[in-house]
Every structure is written in C-alpha cells, then in structure tokens.
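Feature list (source: Swiss-Prot):
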type: BINDING; residues: G68, G69, R90, N195; note: substrate binding site
type: SITE; residues: K33; note: site 'Transition state stabilizer'
type: SITE; residues: K255; note: site 'Transition state stabilizer'
Amino acid sequence: MTLDRDAASHVAEVLSEALPYIRRFVGKTLVIKYGGNAMESEELKTGFARDIVLMKAVGINPVVVHGGGPQIGDLLKRLSIESHFIDGMRVTDSATMDVVEMVLGGQVNKDIVNLINRHGGSAIGLTGKDAELIRARKLTVSRQTPEMTTPEIIDIGHVGEVVSVNTDLLNMLVKGDFIPVIAPIGVGANGESYNINADLVAGKVAEALKAEKLMLLTNIAGLMDKQGQVLTGLTTEQVNELIADGTIYGGMLPKIKCALDAVQGGVNSSHIIDGRVPNAVLLEIFTDSGVGTLITNRKPR
C-alpha cells in the first residue's frame, strides 16, 4: 500500500493538536445534549457515536442527554393526536405523554445506545424514571398582558422541570466505564411522568455532576452577532449584555439561559455547537478553533 504523505501528515498534525486537550480532559465528565440534524442524518449519527466512543477510549467520561421532538411529532401525527405548543413547549396531555415515553424511552434512546455499542462503546439507556434519576415537578407557566391585573396560569399538562438528579447512579455507571444515555423524562413525587426539555435536563445533569463541559448540539453555527458572524468565545457577562441589547432573542433564549445557568452552577464551560458539522463534538473539544460558541466565566478563546 502506497503511503499518501499529505494525508498522513494531516493526520499527524491533527493528533498533535489534540494531545494537550486530551491530557487536560482525561478523567473529566462532559455532558452532551444530542438533538437536531445530528439525529436525522445517518452519516452524522454514525459520526456522533464514533466521537462518543473515542472520547471514552481516551479517558474522557461522556454523558449523553437526547431530544426527539420530530420523532414524537411524527408518531402523534400517525396516531391523529394533534400537537399544540405554548412558548415553544409541547402541551402534554396524558395521551401525548404516553407517546413521549414510548418514543424517547423506547425508540430514540435504544437507537442511540445500539449505535454507540455497535462502534465499540458500552452505552446504557436510561430515562429519568430509572432509580429516580431525574426527580421532577410540574412546570408552571404564566402569561400576562397589559390588560390583565394578574397573570394567567396556563396548564400545559405533563411538562416538568428538574428538581434533583441522582448523581450516585450516574457516577456508578461512569466509574464502571459505561456511557449513560438519558431520555429527558422526569418522575414526580407520586410516580407521575413529566416531559422535560432536553436542554434543561442536560444543563441540570451537568450542574449536578460538576461537569467540565456542557455541550448543546444545535442546527446553527453558534451564537452570532448582529452582522451574522459567529461569536466563538464569550463570558457570562458578555452573554447577558447580548441579551439586553437584543442580539440574542427569541428561540435561542431558553438554550442560552440553560448554558448560562450551567456555568453559574459550577460547570467550567458551556458550548453551543453546530451539530450539522461532521465530528462536531471532537472538533469543539480537541481543536484550537472549535466549531461553535464557548461560554465561560474565564477569559474566552
């Protein structure tokens, strides 16, 4: 076999650049929220699984939290169950909650676990109900217009927020060289199920584990300024300024708030990364430039 010197040189250069990052993150926990386009393309799905296995192989401890909104929507449509959204949250009645559990805890979770294991990992699938991994309570949503004297309380059904995370379970799995893959379903005080935003679950898991990084895969290149340029490194103070001046708005606000809360809760850095880019997770961790936006309390890159 003829050696392609240019290709070999490129591989050596990549490995050389990655080495200091590998040393820095050995033994550290990284929480990755997996969703969006990265879950829909077969090539990107395979690349994500290989990235997770490689991270574990070099001594990093990945914990995966996944979404599944499009898959839930598809099954609801086939079952002729209409979907309604309030402030970006799916109104989840009992019938919808059954579908959410079926899709997230069954189909999506097991597909991810199987893919990671096929590429040499030891993934184990969980929902927040397993060993009360994610204790939750009903999320209260209110709305007030100038004409109202008091806020209107809106019932959005079985939509929840995280109360606590069973870190003993996750630490046991990580120490046993397993890769936890978590479906964002919480359990209430009376055993009831709650549908929770996957970004929020990932953020709270990262906080509870005091993770090195929280990584949120998205369908955009990262946070952008008003000229459309990606902001590669920001402090929490700078992010708050961008929210105040309207640079960050709309659908990105909940994701950014999750990233901010994680950093303020003890996570070293949060990352908004482009899940459409092959090997996005590895590129963000192991290269100088990364492929998204890093948010930290330290001096940004």
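In case you wondered, yes, glycine gets a Cβ from its N, Cα and C as well.
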K33 (site 'Transition state stabilizer'): secondary structure state under DSSP, collapsed to three categories: strand
Rounded Cα distance, in Å, between K33 (site 'Transition state stabilizer') and K255 (site 'Transition state stabilizer') is 11
Express in Å, rounded to the nearest integer, the largest CA to CA distance found among the substrate-binding residues G68, G69, R90, N195 named in the record. 12
Integer Å value for the Cα distance linking R90 (substrate binding site) with K255 (site 'Transition state stabilizer') is 16
Pairwise CA distance, G69 (substrate binding site) versus K255 (site 'Transition state stabilizer'), rounded so that it is a whole Å: 15
Just checking, which of K33, K255 (recorded sites) has the fewest C-beta atoms within 10 Å of its C-beta? K255
Neighbour count (Cβ, 10 Å) for N195 (substrate binding site): 26
DSSP says R90 (substrate binding site), in three-state terms, is strand
Please report how many Å separate the Cα atom of G68 (substrate binding site) from that of K255 (site 'Transition state stabilizer'), as a whole number. 16
Using the Cβ centroid of G68, G69, R90, N195 as the reference point for the substrate site, which residues of the same chain not in that list have Cβ within 8 Å? G67, I72, G73, T92, V100, V103, L104, A198
Out of G68, G69, which has the highest number of nearby Cβ atoms, where nearby means within 10 Å of its Cβ, if these are the binding-site residues? G68
Nearest-integer angstrom distance between the alpha carbons (Cα) of K255 (site 'Transition state stabilizer') and N195 (substrate binding site): 17
Would you mind checking how many other C-beta atoms are within 10 angstroms of the C-beta on R90 (substrate binding site)? 21
